[in-house]
């Protein structure tokens, strides 16, 4: 099966062909660290986390880099408001970012370069652009000359004559930089120092880098001049990613990335999420109310390129979906001993028809919703067989087939970054009793009943029931159990 991806650059699906066989260099534009991460950040981070996991599962060696923008006006404004430093603000929200991502099961990138740690590379890149005629100085600032790059607009499909004044895409009524620029489309790659702001020495005097040049330098420094996949939110296509291409390709004469992938935005009840509308939701506020795995399901049930609408109904559906998957994930732990499951799979799960169907779905431009449908199919089948086993003492499907289905479910859930650790799943179900603790209480109940202490037997049965454990007394004095 061939893995195809939708390339924003070419506006079509293409087979994934890497620069180096079996290896992928992948870069994600990260957050500007001036506040807590919100729902939109959650989608971006989880989408590319699952893409990375899937590529690794498909056998690729993935080098994944995600940056932190720690030089920015928003960070400086926050520092002024709090009477602290830009570094202190950045450090605090980087730490908060890692806490949020741990809760969401987002794996750490291989490296998290920061703009402040890449200044030498940034200055080298600006110097190269200046030497090649793509950048010019103006009163301590250095601007990129957009019209000199003939392919400008190739990613976004925009033409200069159709754009509004200013490379940000906004009309500035009184642009303070307008007098410094040779052309209103030009954008800053180095900004002259301002009083009270952090600055660094450079060939153009004290100053700090512009936003777009930071990512160009970090990609080059960490992954090389051309990478396999560049990803980010669709809101970054223009101007940020367009400007990255202009800078990097002007400097090197080589493509910055083979494939450009972008995830869609998040709306809340049909409206764009914003602080002014009062519908701005941080990850940590959301996780006070919602299971992080339900959050992951909500994100994965929509195609990554499409916008997603965050509603109470959608979240409830995702929560119910996670309950269904949890029942399937617990099947082997609840019934595996009774069904004589083996210690390890009898053959590689990649040969399983269910696994092949999952791969066929996801190979089509990371159609995780299609892959999830396979997981739900397995989980519902296991739930049905578990109920039959509890009430009839045997299953309709052979134990060997059920074991393969269960192990396939566990593996594929892991590929999607869902919780598969039994202790965590059990806790999420609502009880913390281990199998051994349950068996011990069942044994105590058995002894009490043998001694005709039925009141104690009923008490133990009720205690287990209150913790989500249902006992079923079978003929011959055998007691089986399952989690509610």
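Cβ atoms here come from the backbone N, Cα and C positions, even for glycine.
Its Cβ placed at the centre, residue 244 (Zn(2+) binding site) has 26 other Cβ atoms within 10 Å. Positions annotated as Zn(2+) binding site by Swiss-Prot, on the basis of sequence analysis: 29, 215, 240, 244.
Among the features that Swiss-Prot reports, ATP binding site is placed at 275.
According to DSSP, the motif ''HIGH' region' (31-41) comprises 3 helix, 2 strand, 6 coil. What Swiss-Prot records for 31-41 is motif ''HIGH' region'.
The annotation motif ''KMSKS' region' is assigned in Swiss-Prot to 272-276. Confidence across the motif ''KMSKS' region' (272-276), taken as the mean pLDDT and rounded to a whole number, stands at 72.
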When you tally the Cβ atoms that lie within 10 Å of each candidate's Cβ, which of the binding-site residues (29, 240) has the highest tally?
29
Test of understanding: give the count of other CB atoms lying within 10 angstroms of the CB of residue 215 (Zn(2+) binding site).
29
8 Å Cβ shell about 29, 215, 240, 244 centroid, Zn(2+) site members excluded:
211, 212, 214, 216, 230, 232, 236, 241, 243
